[in-house]
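One structure below.
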Amino acid sequence: MQRLAGLQGRSRFTGCHCSGIKALQPYSVPLRTSTFNRHWALPPAAAYTPRNSSGSSSNSSRSNHQRHAARQQQLTAAAVPAGSSAVTQQQQQLQGKDVVIAFYDAYNKRDLAAISNLIADDISYHDLVYDEPHEGREGVMSWLKKIRRYAPDDLKFVIEDITDGDATKVGVKWHVECGDGVFFPFSRGCSFITLNSSCQIQTVRDVVEPSTKPGDSTLVLLGALTPLIRKLGPAADPANLKRLPIAAAAVWALYVGYLSIVMLSTAVPGAPAIATPPEVFEEILQESINLWWINDSLTALGLSFIPNVPCPPVSEAVFNFVLGWCLMFLPVMLTDGPSQKVEKKGAWFTAIMFITNVFFIPFMALRAMPEPLEPAAAATSSSSSSVAAAQRQRKVAVPGSQRLPSWSPALGAFGGFIGVFAIYWALAGRPEFGDLSARYDYFQTTFNSNRVFWAFMLDMGLFYIWQLSFLQAAPAQYKYVPYFGLAGWLIAGGTAADAEEA
């Protein structure tokens with residue numbers, strides 16, 4: 001369902017009678033809304049005349065079509081309102097096949113409200129192009145809306161065959177067409193659907209035709225892999241790959257490289273950090289005392305009790321810009337979903353403010369660890385076995401979609417001001433340090449001779465990567481603009497690019 005979105009489809013029915021509903025003939029369905037998870041069949045209806053992938057079908061009368069349309073309206077009206085547990089007598093008489101047909105008909109008509117009524121609160125919809133099923137009415141509806149936005153409007157499902165004779169289980173064989181009945185390549189598939197006692201769709205599994213056709217080579221692969229899989233046992237389940245800390249290992253590898261380069265390497269500008277000259281330490285100390293030009297301000301007001309030692313404005317600007325960026329990560333770290341498994345975030349943030357990526361990279365490595373498993377008692381799923389349910393990982397909000405603390409806009413405004421002032425300070429602060437040409441010369445010379453200054457520039461590059469990671473669901477103007485995008489996102493209160501998708 002994810003790949004293709006359906007449009008208004010056609011439905012044709014034979015003259016057979018099925019629990020008061022004409023049996024479906026070739027039936028066009030909406031976006032490849034991959035059909036549902038589980039096994040199914042349908043009402044003991046009359047013969048269903050299938051339509052093959054070439055588009056041929058049996059003749060169906062106009063009256064049959066009209067009767068079906070009337071029945072579809074009755075079916076939709078009988079659907080249980082979203083969130084209601086009441087089941088009308090009319091709905092109790094419906095068969096599974098009727099509901100599935102109504103689902104596709106509603107999707108072809110873009111009637112998402114009708115679809116919402118036709119699915120259960122606890123629906124589990126698994127399109128096998130995804131690792132995990134979409135769970136719950138809200139989750140499934142958000143997914144369908146997303147598909148509707150991205151998939152072309154002229155794609156539609158055409159039912160080739162549908163099972164008949166079961167009120168709670170339905171199987172459907174279908175393909176996708178576009179334009180004026182043009183068969184869409186590699187679009188054949190089947191869906192298995194179950195319904196609950198309220199005649200609402202509860203589970204769906206979608207299986208679609210693969211775009212590659214390996215043929216007999218799969219038999220060779222099967223023979224080669226079976227002994228290995230037999231030996232691995234449950235560990236061979238691809239789902240278990242999510243439990244491997246691959247992403248975290250990559251970040252830890254980055255950390256090793258960062259420390260090796262900054263602390264020890266002689267291949268980059270300046271002396272290794274472990275051999276930092278005393279004058280560089282003194283400059284860092286003075287810049288720390290004058291963090292965000294606080295001591296300058298106090299001195300101007302006659303309130304400072306600490307001697308104010310001017311430092312090169314370009315160095316001060318870089319120092320304050322980096323720490324302003326650090327500061328703005330605080331509300332994000334406190335509310336970010338993947339960060340919730342990292343304990344003592346306040347202590348981590350304090351350390352990051354002092355030594356930036358010496359502590360920020362380990363924090364990101366811990367953040368990248370797999371989510372913990374849910375307790376077996378809390379992990380229930382109608383589409384999973386009890387063992388699989390017990391092993392389900394905790395789901396967290398997409399980074400960049402969370403609700404931020406109420407003080408985040410103020411912090412974002414302050415951070416934005418620091419960034420703007422730092423740029424001004426680098427260009428025009430402390431006039432006694434020369435014009436733009438002199439400042440540019442200072443930047444080049446310091447970058448090529450001072451390891452700490454060089455490391456601050458490296459930190460800014462890494463901070464941009466962290467911003468992209470933390471703001472995955474944020475609008476592009478916030479996510480992709482270094483520093484000021486994060487400031488703007490905090491000021492906006494942490495809005496997501498797409499609240500439904502997030």
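Here the Cβ of each residue, glycine as well, is placed from N, Cα and C on the backbone.
Summarising the annotation, TrEMBL assigns region 'Disordered' to 47-83.
What TrEMBL lists as compositional bias 'Low complexity' is 51-63.
Sorting the domain 'SnoaL-like' (100-195) by DSSP state (H, G, I as helix; E, B as strand; all else coil) yields 31 helix, 37 strand, 28 coil. Among the features that TrEMBL reports, domain 'SnoaL-like' is placed at 100-195.
The transmembrane segment annotation in TrEMBL covers 246-268 (among others).
Residues or ranges marked as transmembrane segment by TrEMBL: 317-334 (among others).
Under the heading transmembrane segment, TrEMBL lists 346-365 (among others).
Taken from TrEMBL, the feature transmembrane segment applies to 407-427 (among others).
Among the features that TrEMBL reports, transmembrane segment is placed at 452-474 (among others). Long-range contacts of the transmembrane segment (452-474) within the same chain: residues 258, 262, 268-270, 273, 276, 280, 284, 315, 318-319, 321-322, 325-326, 329, 332-333, 336, 356-357, 360-361, 364, 398-401, 446, 480, 482-483, 485-486, 489, 494-498, 501-502, each at least 6 residues beyond the stretch ends and with a Cβ under 8 Å from a Cβ of the stretch.
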The transmembrane segment (246-268): which same-chain residues, six or more beyond its ends, come within Cβ distance under 8 Å? 274, 357-358, 361-362, 364-366, 368-370, 451, 454-455, 458, 462
Given the transmembrane segment (407-427), its same-chain partners at Cβ distance under 8 Å and 6+ residues beyond its ends are 292-293, 313-314, 316-318, 320-321, 324-325, 327-328, 330-331, 436, 439, 483-484, 486-494
Mean pLDDT over the domain 'SnoaL-like' (100-195): what is the value? 88
